[in-house]
Amino acid sequence: MHKSASGSTLGPGGLDLTQAFFKPIANAAPPSTTKQHTKISVIGVGNVGMAIAQTILTQDLTDELVLVDTNADKLRGEMLDLQHAAAFLPRTKIHSSTDSSVTAGSDLCIVTAGARQIPGESRLNLLQRNLSLFRAIIPPLVRHSPDTTLLIVSNPVDILTYVAWKLSGFPSNRVIGSGTNLDSSRFRFLIADHLDVNAQDVQAYIVGEHGDSSVALWSSISVGGVPVLSFLDKQQIPYEKETLENIHKSVVDSAYEVIRLKGYTSWAIGYSVANLARSILREQRKIHPVSVLAKGFYGIDGEVFLSLPAQLGRGGVLGVTNVHLNLEETQRLVDSAKTILEVQTQLGI
């Protein structure tokens with residue numbers, strides 16, 4: 001399929017209006033050869049992919065946005081729908097194609113495509129189908145954008161980030177999973193709601209698997225710079241561990257509740273991924289709990305991707321924060337890694 005794009009031509013002859021409309025000023029120099037143009041490609045235009053694309057546009061994160069999908073009609077429809085909002089958005093060129101060559105030169109490739117689970121299908125069979133899908137997606141992206149950073153959103157995100165890393169041949173810092181960035185946002189919201197404060201003043205992380213074996217780092221939670229649990233202990237204010245576990249359980253169950261109520265999740269993950277894109281492309285050097293190669297951290301031996309608080313910038317993962325974990329949290333994190341590895345080893349990749 002020929003790529004569709006916004007452009008500066010009109011009429012059947014493709015008259016270029018740029019030269020006719022604008023006259024260069026005297027003694028002007030040619031444009032700088034330094035690359036200032038930013039390009040993001042989103043692979044998969046389902047509910048999640050389009051929420052990410054829409055949020056990236058409204059937050060003015062890129063000069064060029066590319067949409068790729070196998071469903072040509074839906075793809076073109078989504079592209080046109082976004083293009084028609086041009087008068088209300090920052091100027092961004094929007095392209096779409098079923099051919100991955102349109103992604104060439106991308107600074108960031110965001111992969112949301114994935115096979116949906118069939119009723120009664122085993123998790124392993126679903127993973128095998130997603131592995132086949134990624135074999136068709138990842139190598140062409142790498143071929144067309146050898147310097148890109150891959151940001152994987154498809155679920156199960158930790159295992160598929162590992163798959164993308166293996167298929168791409170990229171250094172581990174340039175393959176990132178969206179991981180528990182959204183889980184941690186939900187966690188901060190619930191804590192803020194309990195304490196009646198702004199969620200932005202809450203420092204709290206969910207790490208490990210993006211799923212049932214995730215780990216809440218209660219020992220390092222702070223509100224306005226005050227470590228919560230140690231403060232409660234010093235003030236001899238009693239709290240029940242069951243209350244803490246219920247908050248974590250609410251984080252794990254929250255996505256299931258949204259899916260039960262509206263059929264899918266989209267807006268929160270859209271904001272979460274746009275937030276990651278901003279940190280990467282704008283060299284924000286912010287700390288995000290994202291899925292990274294965890295080998296060598298907290299006693300984890302195998303090549304497994306799971307979420308740890310990581311600093312992100314133009315180079316992808318710039319480093320992992322040395323967050324103190326107590327013994328229980330460390331053991332839960334190691335168990336989470338084992339849970340992922342058990343499934344991962346069955347893939348044969």
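Cβ atoms here come from the backbone N, Cα and C positions, even for glycine.
No curator has checked TrEMBL annotations; they are predicted automatically.
Database features, via TrEMBL:
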| type | residues | note |
| --- | --- | --- |
| DOMAIN | 38-177 | domain 'Lactate/malate dehydrogenase N-terminal' |
| BINDING | Gly44, Val45, Gly46, Asn47, Val48, Gly49, Asp69, Asn130, Val153, Ser154, Asn155 | NAD(+) binding site |
| DOMAIN | 180-342 | domain 'Lactate/malate dehydrogenase C-terminal' |
| ACT_SITE | His210 | active site, proton acceptor |
Secondary structure tally of the domain 'Lactate/malate dehydrogenase N-terminal' (38-177) (DSSP, helix then strand then coil): 68 helix, 26 strand, 46 coil
Residue pair Gly46 (NAD(+) binding site), His210 (active site, proton acceptor) - Cα distance, angstrom, rounded: 20
Pairwise Cα distance for Val48 (NAD(+) binding site)/the residue listed as 'active site, proton acceptor' [Å, integer]: 16
Those residues of the chain, 6+ apart, with a Cβ under 8 Å from that of Val153 (NAD(+) binding site): Val48, Ile52, Ile110, Val111, Thr112, Gly177, Ser178, Ile269, Val273
Distance [Cα-Cα, Å, rounded] between Gly44 (NAD(+) binding site) and the residue listed as 'active site, proton acceptor': 20
Sparsest Cβ surroundings (other CB atoms within 10 Å) among the binding-site residues Gly44, Gly46: Gly46
Those residues of the chain, 6+ apart, with a Cβ under 8 Å from that of the residue listed as 'active site, proton acceptor': Asn155, Pro156, Val157, Asp158, Gly177, Ser178, Gly179, Thr180, Asp183, Ser291, Ser307
CB within-chain contacts under 8 A for Asp69 (NAD(+) binding site), separation at least 6: Ile43, Gly44, Val45, Gly49, Leu75, Ser96, Thr98, Ala113
Per-residue pLDDT averaged over the domain 'Lactate/malate dehydrogenase C-terminal' (180-342), given as an integer: 89
Neighbour count (Cβ, 10 Å) for Asn155 (NAD(+) binding site): 19
Cβ neighbour count within 10 Å of Val48 (NAD(+) binding site): 25
